[in-house]
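Have a look at the structure below, then the notes.
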């Protein structure tokens with residue numbers, strides 16, 4: 001009743017002299033709408049917590065039997081290497097695809113030494129977009145029961161750089177590797193999955209695809225493209241029993257991120273990949289994004305806050321993101337100047 005009295009007083013102050021019955025109806029509608037809005041936010045957050053901390057993901061063996069294969073791109077370092085090792089530990093044979101043949105050979109030997117699985121390797125430079133490389137990849141996977149595809153290959157800017165100053169070769173490589181390379185590889189692999197009515201297509205995304213990222217504009221745009229493409233692909237392939245998932249990730253210690261120290265929000269590849277593979281099919285902190293997930297606990301909470309509480313496309317968030325990357329650029333340029341000075345002495 002106190003709420004109704006205050007509501008009626010507000011209407012009077014605004015010069016809206018409604019009939020008492022209409023005032024009561026209006027107050028009830030306003031109260032109900034507010035309650036439903038708050039309840040929906042609370043329920044969404046509970047769903048996020050359950051997804052991140054309680055509910056298990058789909059078991060990896062649901063995508064293929066023992067002896068089936070996983071294809072991992074960008075496999076020789078960082079996340080790609082860790083995906084390869086953990087999938088081999090789970091019993092999958094591994095096709096390793098990356099640029100450096102020597103690293104692939106070393107990783108293949110490590111995998112076969114530690115685990116009773118087979119490996120195949122392909123040294124392939126995705127930036128070259130060479131038809132012969134894709135034909136060789138097709139020849140390797142033809143006849144294999146490929147149950148899992150990990151689209152991990154990717155490239156970012158060397159340092160945060162305004163778009164107008166971005167070198168053309170860097171811009172071209174980012175789009176060719178992140179977008180075209182992922183699309184061409186996926187198109188080679190999924191026909192077999194569609195025929196077998198099972199499989200997993202997992203693509204590495206980024207918070208850069210959620211939040212417009214000034215000074216990383218080309219990279220951010222490439223990851224936003226993958227977000228839309230992967231979601232569309234997920235809807236197309238779901239009737240075939242294929243799980244498609246884009247992983248939304250914040251920073252991870254890696255050569256690409258240039259971050260070396262772990263923290264609560266920056267895991268190492270081993271912890272991150274373990275979270276990803278244990279939460280397949282769970283949205284984590286991305287309940288508003290179909291066929292997507294933020295499975296690592298701190299990344300999930302950050303994604304929920306950014307997408308459900310903040311406005312990721314708003315000027316405030318974009319401006320803060322810009323300021324952060326401007327500061328990173330200044331530090332990187334100062335470091336480059338110091339190293340240049342050391343070499344000249």
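Each Cβ is built from the backbone N, Cα and C atoms, and glycine gets one as well.
What Swiss-Prot says about this one:
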- 219: active site, proton donor (ACT_SITE)
- 223: active site, lowers pKa of active site Tyr (ACT_SITE)
- 71, 125, 133, 152, 219, 223, 252, 254: NADP(+) binding site (BINDING)
- 26-46: transmembrane segment (TRANSMEM)
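The structure, with features from Swiss-Prot marked on it.
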residue : record                    : DSSP class
71      : NADP(+) binding site      : strand
125     : NADP(+) binding site      : coil
133     : NADP(+) binding site      : helix
152     : NADP(+) binding site      : coil
219     : active site, proton donor : helix
252     : NADP(+) binding site      : coil
Completion exercise
Rounded Cα distance, in Å, between residue 133 (NADP(+) binding site) and residue 223 (active site, lowers pKa of active site Tyr) is 24
Fill in the blank from the handout: Candidates 71, 252 (binding-site residues); min other-Cβ count within 10 Å returns 252
Handout entry: Cβ packing number for residue 133 (NADP(+) binding site), 10 Å threshold
Key = 18
Completion exercise
Smallest Cα-Cα separation from the residue listed as 'active site, lowers pKa of active site Tyr' among the binding-site residues 152, 252, 254 is shown by 152
Handout entry: Fewest Cβ neighbours within 10 Å, where candidates are the recorded positions 125, 223
Key = 125
Fill in the blank from the handout: Among 71, 125, 133, 152, 219, 223, 252, 254, which the record lists as binding NADP(+), the farthest-apart pair of C-alpha atoms sits at a distance in angstrom of 29
Fill in the blank from the handout: Whole-number Å distance separating the Cα atoms of residue 254 (NADP(+) binding site) and the residue listed as 'active site, proton donor' is 16
Practice task
Among the binding-site residues 152, 254, point out the residue whose Cβ has the most other Cβ atoms within 10 Å, with all shown protein chains included in the count.
Solution key: 152
Exercise for the section: Please report how many Å separate the Cα atom of residue 252 (NADP(+) binding site) from that of the residue listed as 'active site, proton donor', as a whole number. Expected result: 16
